Amino acid sequence: MMAKNNKTTEAKMSKKRAASEESDVEEDEDKLLSVDGLIDAEASESDEDDDEYESAVEEKESSSDKEAQDDSDDDSDAELNKLLAEEEGDEEEDYDSSEFSDDTTSLTDRLSGVKLQTIVDPNIYSKYADGSDRIIKPEINPVYDSDDSDAETQNTIGNIPLSAYDEMPHIGYDINGKRIMRPAKGSALDQLLDSIELPEGWTGLLDKNSGSSLNLTKEELELISKIQRNEQTDDSINPYEPLIDWFTRHEEVMPLTAVPEPKRRFVPSKNEAKRVMKIVRAIREGRIIPPKKLKEMKEKEKTENYQYDLWGDSTETNDHVMHLRAPKLPPPTNEESYNPPEEYLLSPEEKEAWENTEYSERERNFVPQKYSALRKVPGYGESIRERFERSLDLYLAPRVRKNKLNIDPNSLIPELPSPKDLRPFPIRCSTIYAGHKGKVRTLSIDPSGLWLATGSDDGTVRVWEILTGREVYRTTLIDDEENPDDHIECIEWNPDANNGILAVAVGENIHLIVPPIFGYDIENNGKTKIEDGFGYDTFGTVKKSNLEVNENGDGDEDGENESAKNAVKKQVAQWNKPSQKQLEKDICITISCKKTVKKLSWHRKGDYFVTVQPDSGNTSVLIHQVSKHLTQSPFKKSKGIIMDAKFHPFKPQLFVCSQRYVRIYDLSQQILVKKLLPGARWLSKIDIHPRGDNLIASSFDKRVLWHDLDLASTPYKTLRYHEKAVRSVNFHKKLPLFSSAADDGTIHVFHATVYDDMMKNPMIVPLKKLTGHKVINSLGVLDAIWHPREAWLFSAGADNTARLWTT
C-alpha cells in the first residue's frame, strides 16, 4: 500500500510539473505573439465588463477545482488506479511528442493550434445568501425614447415631505433601510454667493433623493434652449428629408390596370337580396319597427300616460299668424290684499260716496277690507261679473298687434364732441353788480365792451365798469309819485361806438341819453347827431312816410290809393326836446308813443331803431330815424299781438315776432318774404345769427326753437330743458355760442356751429348750466346778453342783481 501511495504522489507531482511547464511555455508564446488586438466578433461588451466577466469565470473555475479535489480524495482505490493508468499513458504521449518536436516550427504553425474562447452568455452569475445562483445583467443604456417614470426612487419615504426631516441628520431611507445622510451645506458666505451668482442649471428646487439642490444637466439645458429657439430637439430627425412623391403630379394617359369590369358588378347581389328579405320578414313579423311608426307609438303612449306637471314651467306654443292672444290681467295691488295697510281702507264718508256712485263710474269694483286671517276671507262676489265683462271685451273690442321696435337707445343719441374741446365758454360767476333796489329787467353792453348799462324797477339806469364792478353813472328816470305804473322795459346801446347814445324805453316814452363817461369827443358826437334832426323841418322838407309793407305779397293794390300814400300821415310818435329837468338827467331827446314800449332794437348802422308796443294795434311796430327825428309805421294793420322785432344783421329785412308766428319782411321791396311756424303757444323773444341764416326764439311754454331759414318754415330743433318760461335768448356776435335764460333761475349755454356747407346741418352742443340767481315771485333771470368780443355773459335777475359769467 505504501508503494502504491508513493506512486500516486509521484504521479501527481509529475503532473503538476508538466502543467507548470506548459503554462510557462504558453506565457512565453503569449509575450511573443501579443494577440491583444484580436477581438471576438460575438463579444460586444466594454473592457470593464470583460474584466468583471473573467474574474467571475475564474472564481467559478476555482470553486469547481476545489470541489473536484474534495471529490477525488473520497474516490475509491479503483478510481485512483484508473487515473494513474491514464496519467501514465498521457506522459508517454507527451514524452513522445516532446521527444520528436522540432524547435524550428514557424509562427503560423504555432498559432494554428491556438483557440480563442468566445462569450456566448452575457449574463454574470453570483451567489445569493442561500447559495442559489444570482444573475447580474449588464446595465441598460437608455435611449432617447425610453421612459424612467416607473424607476425606483433612491429615497423611499413616500409622500412624507422633506420638512419632516429638517431636525434630523438624514433625509430618508433607501430600499435596504439604511439612512440617507443629509449633504453637507456650505457656510453662510457660500450660500450668499450661490444666491447671487446662480450656478448653471439652477432651478431653486430640492432633490428628494439626495436633499441637495436639483440642477439641470447640460443635455436638459440644451434641450430647453432648442425649444426656445424653436429648433429640432432630436438630432436624429432630419427636417429636410427628400420628398417622396407618393402620388405623381403628372397626369397619366394610360390606366394603371386595364382589366375589364367583372360581370358581378352589373348583376344584383344575391347576398344583399337575402339580407333585404331577412329585414322585410322582420318588419312583417314586428321584430323591426320603422322610425315613423315608432314615433307614432311613443306619442300615443305619451298621450295615454300623460301626467300634468303642476309645478313645472309653462311651455308656450306657437300661435297662428292670425291669432291674437288675450291681454293678461293686471296683477293685484295692495288694496286687494286681505290685510291691506291702513291708508288703503276707506273712511265711512268715502265708503258712502262709493256706494252712491254708479257701478260704471266706480274706480274699483270692491271695497278694501281687512281680515285677521286668510281663512276668514269670504268668496269674491264680483268674479262672475268680471269674467263676463272680460269675455265681452275680448269678443267685441278689436285688438291690434303692435310690433315692438328693437332699436338701440344709444344709436338715437347723436355723437357730440366733448365740451372740453369747445372752450372757451362761461362757467363761473366772477362779478355781481349789486345796488338796485328793484328787479333788474334789462341790461345792455357798450360796443367797446367796457361799460354795462342796467335798468331796474326802482326807476334808475346805472352804468357799471365791467372789469371792476364799480358804478360810474346813475340817473333816475321814473318818478314814483307821477308815474307809479311805469317801468324801465328795455335799454340798448347804439352800435356806433363813436357817439355813446343809450336808448331807454320807459313806459310810453323813449329817452336817448349820452352818459358823461366817454370823454368830450364821443359825448359831443352823440349830442350833435341827436340835435341835427331838429333842423330837418327848417329847410322845407316834408315828413312823409314812404315805407308801407304789403303783407300779402300781391301786386294788385300797388296802383290803388297812390294819393293816400303820398299824403301826410298822422304822426304815430312825437319827438320832443328835453325839459330843463330832463337835461339835468342827461336826456338829449324824448320820443313819445301811444302805448307802452316793451322792446327796442338798433339797426347795425346806428341811425334807425325799431320799437314794439304790443297794445298799439296796427302801430305796434315803429321804426325811428335819429338823424331826421322821423318815426314810421310800416304796417297798415296788425296781425296778432307783436312781441319782438329785430333788423337783419346785413340785409334790408325786418323780423317781426307775434305770439305764434315769425314774419320776415323785405323793406326794400316792401313784401313779406317768409313766415315761420315755431309751433309754440306764446313767443317771448327772438334773435338772429350773425350770418343771418338762422334764428332762435324763446317761448313762455318752456321751449327754445331753432329755425334754419334755408330749410322749411318749421323749427330745425326744439329744445325743452327749462322748467319755467324762457325770457331771453341771445347769439354771440363773434363766437359760436348762444344762451337762454328762464324763470327757473338758470342760464343754459350752448355751442352752435353753423357750417358754410349748405348740406351740413348746424351742430348744437349743450355746454354749461349756470345757476346763481334767486327765484322771487316766480321770476328768475329776466334778461341776458353776450360781451361783444369775449366769451362773457351778463345776466339780469329778479333778485335785484346783475351778474357777469366768465370762463
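Heads up, the Cβ atoms here are built off N, Cα and C, so glycines get one too.
Feature region 'Required for interaction with YTM1', per Swiss-Prot, maps to range 383-419 of the set 124-160, 383-419, 457-493, 605-641. Taking the Cβ of Lys127 (ubiquitin cross-link) as centre and 10 Å as the limit, one finds 11 other Cβ atoms among all the protein chains shown.
Under DSSP, Lys127 (ubiquitin cross-link) is assigned to a strand (E or B) in the three-state scheme. As a summary of secondary structure, the repeat 'WD 2' (483-523) carries 4 helix, 16 strand, 21 coil according to DSSP. Long-range contacts of the repeat 'WD 6' (721-760) within the same chain, counting only residues at least 6 positions beyond its ends with a Cβ under 8 Å from a Cβ of the stretch, are 419, 422, 424-426, 684-691, 693-694, 696-704, 710, 766-775, 778-786, 788-789, 791, 793, 795, 797, 805. For the repeat 'WD 6' (721-760), the model gives a mean pLDDT of 94.
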